[in-house]
Amino acid sequence: MQPPPSLCGRALVALVLACGLSRIWGEERGFPPDRATPLLQTAEIMTPPTKTLWPKGSNASLARSLAPAEVPKGDRTAGSPPRTISPPPCQGPIEIKETFKYINTVVSCLVFVLGIIGNSTLLRIIYKNKCMRNGPNILIASLALGDLLHIVIDIPINVYKLLAEDWPFGAEMCKLVPFIQKASVGITVLSLCALSIDRYRAVASWSRIKGIGVPKWTAVEIVLIWVVSVVLAVPEAIGFDIITMDYKGSYLRICLLHPVQKTAFMQFYKTAKDWWLFSFYFCLPLAITAFFYTLMTCEMLRKKSGMQIALNDHLKQRREVAKTVFCLVLVFALCWLPLHLSRILKLTLYNQNDPNRCELLSFLLVLDYIGINMASLNSCINPIALYLVSKRFKNCFKSCLCCWCQSFEEKQSLEEKQSCLKFKANDHGYDNFRSSNKYSSS
């Protein structure tokens, strides 16, 4: 026996009302409707099923731009959790990322090849040529060794990670890669600072004419540079971890600085990281170089009238070394400026609730990717800069790379002897000059 039609209609209406009420109740309790969940993009990091974690860095802006905006407190129902309104998604950053994926791969491969050849050749030149083993060149060798360590370990892993999109290694490699990268940058920064100070000391004390070999103070400087760089890179190894990301129905593993840190120090480090990197790893070497090179210029102008003709060759050598160090600092500044500029602009100008944020976000992402490529170039460009600026390094590079002679040692042996004899002759002439001035003044 079938129920009356009126009863069927009433039951259907009651069922529809019940479904509607349950849907409204679910939305008020924080459960989103079926079609209200925003499309997850590549930078949205989630810990299933309810919590969303955002990475810190250039892609974090993309993730936050696609995240739901929070409703003001005045519009919430008392006792209910915050509801969100989805802002319109930005499509430009996705296309930018796909474009720069291949550009970054080509640049990284170029840096890998040039960096290994250039830095290895530079280390070999300083090791084989005895007259090249002085204080500034040993610091340059330390800088090249740090760059070589970064090139051999970090660049292949970063290229593989960029193409695979999913982190293919374990948590140990996730911590090791940023640790080595930050230690390498620290070695570069502190080595440039030490070179600038060394050039001022060389000009300020004309009597401090060095022979062949590594001074003890330079060896202590190198040890301190490496120890301090490693210590300052430890927070990177502590803070980085693997996070699971829900993307289009599949889970991806991403290596990044974890948004939730366990200690108060690491939470502060995560918050102030961009400003710390900008101040210590960028502004510090530029400020120290500007300060000591200003003092060095004033010292050279003050003592120029009292110089002897016999010291002209030695003075030219010191000026060439000073010019080389200044060129290395200038290359460092040009390579790292776009990356630091993009991070600082992101911190100061970007607002995820701004309706015009997509244009600014696209510009910042382009600047960030350009900065990443230029920062990678800094690992291989120092040998090229030395080749272009220093005549001695240029001759050594030609002899070692182009094989213009049968043996590098055979060709350089005569030049080494002549250079050393000339160096000692200038030293002897300067001693005679000092003794004559001493007796004349007495």
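Cβ atoms are placed via backbone N, Cα and C, with glycine included.
Worth saying up front: this structure is predicted, and the values here are computed from it rather than measured.
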- request: Scan Cys109, Cys131, Cys193, Cys255 and flag the one Swiss-Prot records as disulfide-linked to Cys174.
  value: Cys255
Swiss-Prot topology check: Lys101, Leu301 same side of membrane: no
Annotated S-palmitoyl cysteine residue, as Swiss-Prot has it, among Cys109, Cys193, Cys402: Cys402
Mean predicted confidence [pLDDT] for the topological domain 'Cytoplasmic' (390-442): 57
Collapsed DSSP category at Cys174 (disulfide bond): helix
